[in-house]
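Annotation source TrEMBL lists repeat 'TPR' at 37-70, 71-104, 105-138, 203-236. Here TrEMBL flags 375-443 as domain 'J'. Here TrEMBL flags 431-462 as region 'Disordered'. Among the features that TrEMBL reports, compositional bias 'Basic and acidic residues' is placed at 431-441.
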Amino acid sequence: MVTINPNARKLLSYVPFVLVLIDLRYEGVHCGKDGSVENHLEMGKKLLAAGQLADALSHFHAAVDGDPKNYMAYYRRATVYLAMGKSKSALPDLSKVIELKPDFTAARLQRGNLLLKQGKLDEAEGDFKKVLKSNPSDKEAAESELARKDYSTAASILDTVIETCVWDVASRELRAECMVQMGELGKAISDLKATSKLKNDNTQAFYQLSTIYYQLGDHEMSLNEVRECLKLDPDHKLCFSHYKQVKKLNKQIGSAEELIQQQRYGDAVSKYEAVMKTEPHVSHYTRHAQERICHCLSQDKQATEAIAVCSKVLKSDPHNVNALKDRAEALMLDEQYEEAIKDYETAREHSENDRQIKEGLERAQRLLKQSQKKDYYKILGVKRNAQKKEIVKAYRKLAQQWHPDNFQDPEEKKRAEKKFIDIAQAKEVLSDPEKRSKFDQGEDPLDPETQQGGGHHHFHGGWNSFQGFNPFGSGPFNFKFNFN
């Protein structure tokens, strides 16, 4: 007589409901010659899937009456009885299925479970033994294919085994191995998670889960799984070694992100460089580190360096939206507006509803249009990230060079007057944080056309209105002013 422990009994109690779901996907059913029987089966199946059990049952009754030798009609009706909680009604139908088709293991497994619940242990044992006996050959075939490295065939065989023996740990472990070899890591995770619950103290499953998540670049999930392994066995060598690696990497990435939040971009770059040294072999981490370094350099207004790193990221991942946005920002700093527009347009193709992309593209287009008119940075010969001290220094040098009093020829004097006004306007805008911010957004604060209601500035009347104004300080301008 078979003895079933409480945990096994609890697991087996779920078998009917799992098999009902599996059954809904069952293909290749022979429904007999009678087309009406086939129609009843198909309609009943749809109603069962929709949860309309009473209506489904009526159709399966009709299918049984129409073809008393159709084993699938009985099996469908049994699944409805099970779903309705009428196990006593389901039992005769399952027995009829087995009578008509003795190798239908799903029906035999369901019947064994019902007999077990009714206390008919000897009969249940007979069904379970026959189910188990029918599967070893499949497992052996799968193991053979696995040894030959035909992972696809092995996985297909194991699919059949697991459909019947839903909680067979060994089969799931074999299938997980196949999935890892085939690169189907998500499916491998699903099987390993199941084995970690079905088998007590399954440290191997937790270790494998941790390493798979690590390879996928999910360091946080990897850390969670390896901790579960160490809870079961604190001295587990593989788990402990892996834990130290993941914990170190997790800490470095966390610290780097905190530094970015604090706008300490230079320190964040150093942290992400350390990440690449800690894990140089897993591409997910090196790509992520480079992407974040690209972001930091762009935010830190290091245009040349940012463009180089972002371009490296985009070479291996051309549709990386974050890298495209960050390179676009760096290109604008470097006054490569057309290239920035291209990056934003590419990013928009892969993220249409990103507000940052929309705003960045509009700004790049304004800056391109602005650059084709008057560019105060170019007038003073300074970079877009120049500090105020550099701006004032450049202004003084150019103001001394282009002051109209330095020129006697009327044409040269006229050209110098225009140049001097441009220089003074550039200094006015770029030394004022509010005006400079407007200009950096593509709006000229000294252009009446871009200002609502116009606006009056010292230089709109030309050189005549400029005379007497001292751009270096208060009081009238005197050419003898000391520029040094």
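Backbone N, Cα and C atoms are what each Cβ position is placed from, and that goes for glycine too.
Each residue in the repeat 'TPR' (71-104) gets a DSSP state, and the totals come to 27 helix, 0 strand, 7 coil. In terms of DSSP helix, strand and coil, the compositional bias 'Basic and acidic residues' (431-441) has 8 helix, 0 strand, 3 coil. Summarised as a single figure, the pLDDT of the repeat 'TPR' (105-138) averages 75.
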